[in-house]
Amino acid sequence: MSQYSDDDYSHEDDSEMEDEDEEDEYEPRSSRKGRSGKKRGRSNSDSDGRRGSKKKSSGSAFIDWEVEVDDDVEDDDDDVDVEDGKQQLKFGDFSLCFIVSGEADLPNEDSDHRRQYYQRGFHPHEEDVDELEKRTLERLSTKYAKDDYELDDVNDVDQQALLPSVRDPKLWLVKCAIGREREVAVCLMQKIVDRGSEFKIRSAIALDHLQNYVYIEADMEAHVKEAIKGMRNIYANQKILLVPIKEMTAVLSVESKAIDLSRDSWVRMKLGIYKGDLAQVVDVDNVRKRVTVKLIPRIDLQALANKLEGTENVKKKAFAPPPRFMNIDEARELHIRVEHRRDPMTGDYFENIGGMLFKDGFLYKKVSTKSIAAQNVTPTFDELERFKRPNENGEIDFVDESTLFANRKKGHFMKGDAVIVIKGDLKNLKGWIEKVDEENVLIRSEMKDLPNPIAVNGRELCKYFEPGNFVKVVSGIHEGGTGMIVKVDQHMLIILSDTTKEHICVFADHVAKSAEVTKGVTKIGDYELHDLVILSDFSFGVILKLDSEAIQILKGVPDSSEVSIVKASEIKYKIWKKINVQDRYKNVVAVKDVVRVIEGPSKGKQGPVVQIYKGVLFIHDRHNLEHTGFICTRCSSCVLAGGNFKTPALVPPSPRRFQRADMGYNPGAGGRHQGGRGRRGDDHLVGTYVKIRLGPFKGYSGRLVEVKDKLVRVELEAKIVTVERKAISDMTDNVVATPQYNMGSQTPMHPSRTPLHPCMTPMRHSGATPIHDGMRTPMRGRAWNPYMPMSPPRDNWEDGNPGSWGTSPYEAATPGSDWGSSTPGRSSYRDAGTPINNANAPSPMTPSSTSYLPTTPGGQAMTPGTDLDVMSLDIGGDAETRFIPGILVNVHKAGEDRNPGVIRDVLPDGSCVVALGHRGEGETIRATQNKVSLVCPKKNERVKILGGKYCGSTAKVIGEDGQDGIVKLDESLDIKILKLTILAKLVHE
């Protein structure tokens with residue numbers, strides 16, 4: 001009637017024998033505890049009884065088993081196994097394991113409570129084991145909850161104690177054969193297994209990412225040498241290196257999670273000439289760890305053609321070719337072999353050039369997954385513009401919009417954000433976010449038929465905005481800017497910036513709704529918005545916009561809106577100096593003064609002056625939306641608001657180039673080019689721009705700030721240097737100090753005379769009535785009419801000219817001279833002028849505003865805006881200027897601004913037929929040459945050379961250096977430096 005079979009009894013007997021052996025094993029331990037052997041003996045006798053009677057009732061078997069459990073539970077030391085922080089409670093044939101701290105012991109239950117618990121009887125069918133485990137865990141956790149909390153804090157500190165110290169074994173770096181790292185580690189392990197404790201090394205480590213080396217853990221270097229002795233894959237003659245203690249923890253680092261690459265995801269290249277370039281994943285081979293990417297090629301077709309022909313230059317190039325789409329037709333023109341092949345793996349057709357595959361201008365390249373960076377790759381809008389392709393409807397669309405938002409930061413979406421689904425079955429579904437989980441986002445949709453809320457993966461969502469919303473850019477190159485959305489194009493937004501008043505294009509995922517208006521980025525490093533800076537190419541400009549990656553600068557090119565985007569490293573320094581200039585009517589203009597532009601492309605605009613440099617004004621016109629309202633123009637093209645509009649004298653004295661002197665003789669000051677020493681620091685060159693001709697600073701130009709004996713101090717654009725005086729040349733005057741015409745042989749140039757300027761009353765033209773033959777009829781000859789063209793022009797320096805009105809100023813005047821009686825010597829008409837600065841014949845008309853009247857000081861100053869005489873040596877350098885058809889000039893009319901025009905013809909009398917307008921589209925007028933002046937050419941403009949050795953040649957301006965222009969001749973392609981005054985701007989019809 002027993003419910004157990006014989007097999008069950010035999011199995012039970014085997015279990016009892018194992019229990020008996022276990023009790024014998026722990027008997028010494030029980031004696032140490034002072035346990036009584038009476039109860040143990042009773043248990044043994046019971047076991048013998050069971051073995052003696054094999055047939056027992058099911059009830060007796062159950063009772064004996066229960067008693068055994070009672071004894072085992074009571075004997076805490078024998079039945080509680082403590083190993084590695086685990087405590088195991090044994091209940092018959094099953095056990096419960098609890099992970100507890102090593103410092104805490106299991107609680108000693110009250111004996112009465114324990115006895116009462118087991119007297120209820122236990123049977124596997126009467127109570128569920130899971131329920132028993134649950135109640136036991138609750139009892140233990142409740143009693144020691146506080147202790148566990150306190151031990152958690154201790155464990156954090158204990159983790160620091162696990163770091164290696166000087167008492168721990170050392171880590172040694174041993175060099176081995178490449179590719180044999182794992183084999184060396186296995187061989188060392190086999191040695192330890194075979195020979196036991198003979199070797200005293202602890203471990204051997206072979207890392208996958210470290211080739212040619214293995215790590216061996218040992219206490220001493222001698223132990224390592226003994227272990228590696230006789231191994232063929234280890235270089236025994238190489239030095240064994242000790243790993244520093246601080247670097248030991250970094251040796252065994254956890255390998256990062258494998259990157260999950262998918263098609264159409266964006267990556268950046270890490271190696272080669274494509275380093276940093278954006279690429280798109282086309283295919284992924286997870287087995288070989290290789291991917292096929294699509295990127296914009298950087299290929300020099302000419303170098304590729306030379307390589308294929310075998311004429312490649314051995315010299316290595318110092319730069320990588322710029323990214324450019326492949327042009328197959330251009331490659332064929334260079335005789336590069338192009339093959340049209342089909343890829344057997346994908347079935348697509350590619351153009352094969354030298355083993356490289358091209359399609360639609362892109363390069364398809366197979367690379368290793370280790371050579372690309374796929375994490376935190378956020379393409380810029382400009383980069384994605386180049387990867388766009390037309391869709392089935394012919395519209396331009398991105399490949400996969402969801403790939404653009406795969407690298408979002410955590411917490412990107414917030415509750416209440418309007419979103420739209422961009423991928424999956426719910427594509428184009430709009431809604432609002434209610435809750436954000438780890439990866440899924442709960443949204444409430446607009447459609448009533450759908451259940452709310454709906455769980456959608458965060459990668460399938462994008463923020464949604466409507467025109468008119470005020471937003472703030474939270475990421476990207478425009479980060480920090482605010483503005484209003486004016487247009488929504490799919491998931492791209494066009495925003496009107498609050499600061500620049502310009503349209504910027506950003507992704508909808510990069511903005512957030514905001515009512516605040518910020519100024520954006522106004523300072524990066526040492527540079528702030530609207531600073532005047534000098535660039536690396538020595539050009540200057542004003543900062544219009546500051547971004548995290550680039551700086552937008554309006555260059556100082558008058559009447560041209562030349563804007564360049566540079567990096568902060570391309571800026572040399574910032575200009576702090578504030579300069580005052582003069583406007584068209586000689587009114588002083590300073591920073592913050594309001595001026596109005598009266599000529600040029602910006603004519604009619606006005607605003608305050610923000611920066612001034614080299615006669616160029618940077619004006620901010622708040623009504624101008626282009627370039628944040630900034631315009632660039634010359635100071636001579638502006639007038640000061642509220643200033644004097646009276647036309648100044650045509651030849652005013654230049655306060656910078658000449659010293660103000662008395663009419664009488666000043667013995668303390670040396671004249672210009674006369675060799676006089678003068679006072680210390682008092683020289684006519686002070687304040688002028690000079691160029692250094694000799695020495696280590698040869699070729700540098702700057703402003704002369706001080707003269708001291710034979711040395712001068714020149715303020716370069718970068719610093720002030722000291723050079724010898726003979727090593728500089730004046731850049732503000734085109735003529736040289738060599739006396740011209742009949743003055744070359746006079747030594748000294750100005751002979752001694754006492755007094756040099758005699759007293760005369762009246763001072764000029766004493767006794768001349770009428771003055772200068774004013775009543776003569778006709779008044780004067782045609783040769784001396786300043787308004788009558790002369791071919792060739794003549795002046796009073798030609799001694800052989802019978803029509804000359806005067807003699808040499810250094811000869812005694814003969815009777816009948818028109819100049820009146822004066823002591824032989826230099827006329828007192830001017831003071832301290834150079835021999836080349838004697839004026840032409842004075843006009844008898846009074847008053848007169850022509851440049852033929854004597855001036856103080858003498859000579860025609862090169863003041864901007866002053867009409868130059870056709871005979872002036874300043875025009876054309878060493879040769880006279882002859883106007884030719886097809887060049888752009890300025891026509892000066894009385895009471896009007898300078899009007900641009902194009903010379904259509906030059907008449908025999910020297911006058912010009914000019915068509916007004918920048919391209920000659922206006923009316924045609926006739927003007928004399930003294931009413932016409934050249935337009936100064938700018939960089940990259942084509943010019944005609946009007947004087948000098950290359951007169952009549954055409955060239956292209958490639959740069960400016962003060963008063964000189966750097967041109968490239970069209971015929972010989974030579975680079976020449978010529979005066980800007982002989983360069984005429986050509987007009988392209």
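Residue 1 is the first one shown; counting continues down the chain.
A Cβ is built for glycine as well, from the same backbone N, Cα and C atoms used for every other residue.
Marked as compositional bias 'Acidic residues' by Swiss-Prot: 1-26 (among others).
Residues or ranges marked as region 'Disordered' in Swiss-Prot: 1-82 (among others).
Here Swiss-Prot flags 31-42 as compositional bias 'Basic residues'.
Look at Swiss-Prot and you will find 65-82 (among others) tagged as compositional bias 'Acidic residues'.
Here the domain 'KOW 1' (260-287) has Cβ contacts under 8 Å with residues 293-296, 298, 320-321, 323, 345-346, 364, 367, 369-374, 377, 379, 383, 387, 399-400, 403-404, 406 of the same chain, all six or more residues outside its ends. Feature annotation from Swiss-Prot assigns domain 'KOW 1' to 260-287.
Taken from Swiss-Prot, the feature domain 'KOW 2' covers 412-439. Taking H, G and I as helix, E and B as strand and the rest as coil, DSSP gives the domain 'KOW 2' (412-439) the counts 0 helix, 11 strand, 17 coil.
Each residue in the domain 'KOW 3' (464-491) has a pLDDT score, and their mean in this model is 80. Under the heading domain 'KOW 3', Swiss-Prot lists 464-491.
The domain 'KOW 4' annotation in Swiss-Prot covers 588-615. When Cβ-Cβ distances below 8 Å are used as the criterion, the domain 'KOW 4' (588-615) is approached by residues 530, 532, 540, 542, 556, 558-560, 575, 578-582, 621-624, 629-631, 633-642, 864, 897-898 of the same chain, each at least six residues removed from its ends.
Here Swiss-Prot flags 683-710 as domain 'KOW 5'.
Annotation comment: Swiss-Prot describes 790-852 (among others) as region 'Disordered'.
The compositional bias 'Low complexity' feature in Swiss-Prot is assigned to 842-852.
Marked as domain 'KOW 6' by Swiss-Prot: 936-963.
Through the fold, the domain 'KOW 2' (412-439) approaches residues 401-402, 405, 445-447, 450, 453-454, 456-465, 491, 509, 512 of its own chain, all at least 6 residues removed from its boundaries and within a Cβ separation under 8 Å. For the domain 'KOW 5' (683-710), the number of residues in each DSSP class (helix H, G, I; strand E, B; coil) is 0 helix, 12 strand, 16 coil.
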